[in-house]
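*Asks:* There's a structure below that I have some questions on.
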Amino acid sequence: MKIRSPIVSVLGHVDHGKTTLLDYIRGSTIAAKEAGGITQHIGATEIPNDTIENICGDFISKLAIKDLIPGLFFIDTPGHAAFTSLRKRGGALADLAVLILDVNDGFKPQTYEALNILKMYKTPFIVVANKIDRLFGWEVHEGASFRETFSNQAKSVQQDLDNKIYEIVGELHKEGFQSERFDRVSNFASQISIIPISAKTGEGVIEVLAMLLGLAQEYLTEQLEIDENAPAKGTVLEIKEETGLGVTLDAIIYDGVLRTNDEIALMLSSEDVLVTKIRSILRPLPLEEMRDSKKKFRKLDEVVAAAGIKVAAPHLDDVVSGSPLRVLSEDTDVEQEILNEIDNITIDTEDEGILVKADTIGSLEAVVKLLREMDIPIRAADIGDVNRRDIINSSIAYDENELHGAIIAFNVDVHPNSEEDLNNSEVKLFSGDVIYQILEEYEEWVKQKQEDKKKSFYDAIIKPAKFVSLPKLVFRQSKPAIIGIESLSGTLKQGQQLINKDGHVVGSIASMEDKGETLPDISRGQRVAMAIKDAIVGKDFEEGDELYVDIPEKHYKYIEREFKDKLTEDEFETLYEFLEIKRKQDSDWGSFGLFE
């Protein structure tokens, strides 16, 4: 069995140096002009073992790395959006990952998100603490190993870096990982290695390459074994139009061999399987050749994993990014394999919930997994831009439950023809390219909606209140009774039903006035003239009596269960006076049943 190069993905927060690191690795290997050099693939860069050994020198021999691993295969598109898009059955396509962070900036939202995604896919990784050249007092040693450059720094600079490394160790510990600076790691199987580097000056990059090679050799050789004669397995990166070629697909082949004229099976956006024949397999020309040629690609008869290639074939328009790619063979029902994989990918949805849209299968799976962990129901989940059908579907969900009238859109846009539909609907769109932030915004929105709903509900509930009928201030005895009152607790509102101290209904508040002004409600301590519909002074109550707002039993239970802490002290006292009055008539009034 042949061992292929491990596929390496670089993740981290924006501006923390993902692209700079990849550019430096490519640049230094091209500049080295060693035998074999680098191979530029579609969407990836392969650095052979010989080149790494020549760059790393003695460091490789110190790690006792043998020539088991042919090289390192770096995915060119950095970031976790690319990481989740590149998937294979059972997890991420990347065998190893580099989590990069700015040593001066520490953990940022996308760092945590990348860490969660690595955790989700159980991908082995190293942490690269970048931008050591920005530490105060740092003396740059271009391209040097970390050990060499670190030993030439002032003690204060060394201490400063150590402090920052231990802050990273602390954050990783909070996230459930044991870690240490790479040269202090005692067990590479249980501790994450932190490598301080400068992607700009190249300091420490030697150790990054050597550590990746060493980890792959020590822990991944079995999963890197491939049968170079077996039908190819791969993952589609993207579908794109190329001048002179028509619609093509870019793919990473991670197992087996792919040949021109092979029949391949792919997944369509309709969740059907496309079988098509490869017309040509293409790889970019080396940079130096590209300058002297009008062509961008070189045609190949075959490629063996790991390889990043462009495929020209008929009918690729509706193939999905992230789709599995399989070569048809007599031994295996590949079409059924793809259908099985589609079944695994197809997201189980509920009758109610929010809508989820993403750019690729892998991204969709990652977003849905995170939503499931948050116990958020999903009505529909699909790949592609937000369209009119999505907005209609989400509007229906809103009518059933306004918290479900939301669309989570990761790395996709709203279709231009649907923007007006969205603006005219009640649907709330949460979109962006950082899953962590989108979900945080959604949670905040849900929380606010729930608080608003609770407040509206609380405002609508009849709450405890009472007043006293002031002596010698009876302006009319009945039809309606008009009396002078003083509010003793709570808020009295027009229309509220009133009871006396015996629990009998005396009537309802028709109106309240003060100095000729009609008042819809009054608070404790206010004195007003009150008209009480259906009440007769002297029969239903006397001057000087206290009257209570009549609270429906259902409202009392809501207050008791959910809103008791919102009552003022005087409202609280009035509630229990009112309860005593009610229980003189019915001892079970306000009691909770077994299932309440």
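Every residue gets a Cβ built from N, Cα and C, even glycine.
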*Asks:* Among 130-133, 298-301, 334-337, 454-457, indicate the range for which Swiss-Prot gives the feature region 'G4'.
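*Replies:* Checking Swiss-Prot against the ranges 130-133, 298-301, 334-337, 454-457, the region 'G4' one is 130-133.
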*Asks:* How do the residues of the region 'G4' (130-133) split into helix, strand and coil according to DSSP?
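*Replies:* DSSP classes over the region 'G4' (130-133) add up to 2 helix, 1 strand, 1 coil.
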*Asks:* Write out how many residues of the region 'G1' (12-19) are helix, how many strand and how many coil, based on DSSP.
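*Replies:* Summed over the region 'G1' (12-19), the classes give 2 helix, 1 strand, 5 coil.
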*Asks:* Near Ile132 (GTP binding site), which residues of its own chain have a C-beta under 8 A away, given they sit six or more steps off in sequence?
*Replies:* Val103, Trp138, Leu161, Pro196, Ile197, Ser198, Glu203, Gly204
*Asks:* How many other Cβ atoms are found within 10 Å of the Cβ atom of Gly12 (GTP binding site), counting all protein chains shown?
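*Replies:* I get 27 for this one.
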*Asks:* Pop the mean pLDDT for the region 'G4' (130-133) in here, whole number is fine.
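*Replies:* Across the residues of the region 'G4' (130-133) the model's pLDDT averages 96 on the 0 to 100 scale.
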